[in-house]
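*Asks:* I'd like to ask some things about the structure below.
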Amino acid sequence: MSPSLQSHDVNRRSHDSLDDAEKGLFDNTLETTAPPPFVYMNQKRASPLDTQLSPASPVHEGITPLSSVPELLLSWPAGKLATDVTTLETTVKKPERQKPRISRWITFDLWFNTYRKFFTFVTLLNLTGIILAALGRFAYAENHMGALVLGNLLCAILMRNELWMRFLYIIAIHGLRGWAPLRVRLAATSVLQHVGGIHSGCALSGAGWLIFKIVDIIRYRAIQHPAVIASGIVTNVFIIISVLSAFPWVRNTYHNVFEKHHRFVGWLGLATTWIFVVMGNIYDIKRGEWRTDTHALISLQELWFAVFMTIFVLIPWVTLRAVPIEVELPSPKVAVLRFERGMQQGLLGRISRTSIMEYHAFGIISEGRKASHHYMICGVQGDFTRDLVANPPKVVWTRELKFAGVGHASAMFKRGIRICTGTGIGAALSTCIQNPNWFLIWIGSDQERTFGPTITGLIRKHIDPERMILWDSKKRGGRPDTMELLKDTWTRFEAEVIFITSNMQGNDEMMQGCRAAGLHAFGTLWDF
């Protein structure tokens, strides 16, 4: 029940939440700046893919972009002349050039994003309700405090439920893409990406109301049954442990601790919540006896909140299956897992060697729903991914109900740019394969040797050279100045939006640069 996602490295991020599958960390390896730009407009095929993985995100590794210029392989929108090309020497960043200064307003605006706005609104609203209840000015809370507890917890569960989120994406995509102004579509995408703020705000608020409720019960313990008090205390302990275990420092530093406590203690908390709700409502404190009126119990709001909480917790686990896979090991640093059946673009999946423990999320690469296979790129990071390379499994456990990443919202836009570094290609590639109106920029080093023929073959087969830039920083002698690259591609490709999948520093640099340049961009989301 945390803000959105190990016992390995402190820089390593959890994959258990919806947003965690699109992460990456910073590789401190420094390369030289690139030589003067070379522009090829009509070559038949892009240069070979090459990349080298670095210790980075569990899902997306990469190199923070610095400077140089790519080969421009852009498709020209109708009415544009391909001959209208200017030299791009300005995109070469001089070695002594300093990073552009970003205004404090832009920095604050990116920090106080929709996620934090949701979290702040939800927690302040509930805090106001708790204060009013304590002052005796919130009659509903006095009579239905259990409903406020369970309502918040139900909302928190919904914002992390695969089925519910897929439903919201369907509504937004099919309801907006044909007619809505760009501003509305951008706002909808921001809401979909940052619903984790509602999740964490409601989870924390639910725990707050639960504490308030048990304190109120203990205050009047003389007229309350000991069993109700005991069940309330136990429920509080379980829920609070589940919430605290999901705090960013615990989740990101000790992932296995987070997973065990957040999941299993959370399940125990759900079970004791049932007991607490039922016992608290069938015990008549006025008469000092247990009621046997079944109709009164069934009509309770609290009971139905508990019912739906249980249903939405169980739904993803009902789809759990052990599925056969094939593992390709193109290099010691990456495993490419091949699964049966095709998938929509923008989806992410969780896999594990066991049925209930240590689930890790990865982007899904697929040619489409009717394809025979889909793939996951697993870069070596910790024990789990290292073992995939050392001891490739023939079967893994996965939930067949996949969850949607922000890339799934790309279907709302007419034209866009998907920029990624390293293993970020795992979350970005499907969008550019399945939608010819999306432009791919992939930055890394030695990609073809590291990722192998399957991934590079998919790129060559489905993406025309005119709508991709494959930047090998090893062969090109440096990294591109990504902001000059993005601004030029934005103009020439007539894009509406940019989706970024990079490491933390690269993501911050690009998001700040895009905001300063007036480019609409959505970056990698880390939980807060």
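The backbone N, Cα and C atoms fix where each Cβ goes, and this holds for glycine too.
Annotation source TrEMBL lists compositional bias 'Basic and acidic residues' at 9-21. Sequence annotations record features per position, and here TrEMBL assigns region 'Disordered' to 1-21. Sequence annotations record features per position, and here TrEMBL assigns transmembrane segment to 118-138, 144-160, 227-249, 264-283, 303-323.
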*Asks:* Counting Cβ pairs closer than 8 Å, which of 144-160, 264-283, 303-323 has the most of them with the transmembrane segment (118-138)?
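*Replies:* Checked against 144-160, 264-283, 303-323; highest Cβ contact count belongs to 144-160.
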*Asks:* Residues of the same chain, at least six outside the transmembrane segment (264-283), with any C-beta under 8 angstroms of its C-beta?
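*Replies:* For the transmembrane segment (264-283), the list is 1, 146, 149-150, 153, 217, 224-225, 227-228, 231-232, 234-235, 238-239, 241-242, 245, 289-292, 296-297, 300, 302-303, 306, 309-310, 313.
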*Asks:* Should anything in the same chain at least six residues away from the transmembrane segment (144-160) have a Cβ under 8 Å from its Cβ atoms, list it; otherwise answer none.
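*Replies:* Distant contacts of the transmembrane segment (144-160): 1, 17-18, 126, 129, 133, 195-196, 198-200, 202-203, 205-206, 209-210, 212-213, 216, 239, 273, 276-277, 280-281, 301-302, 305-306, 308-309, 312-313.
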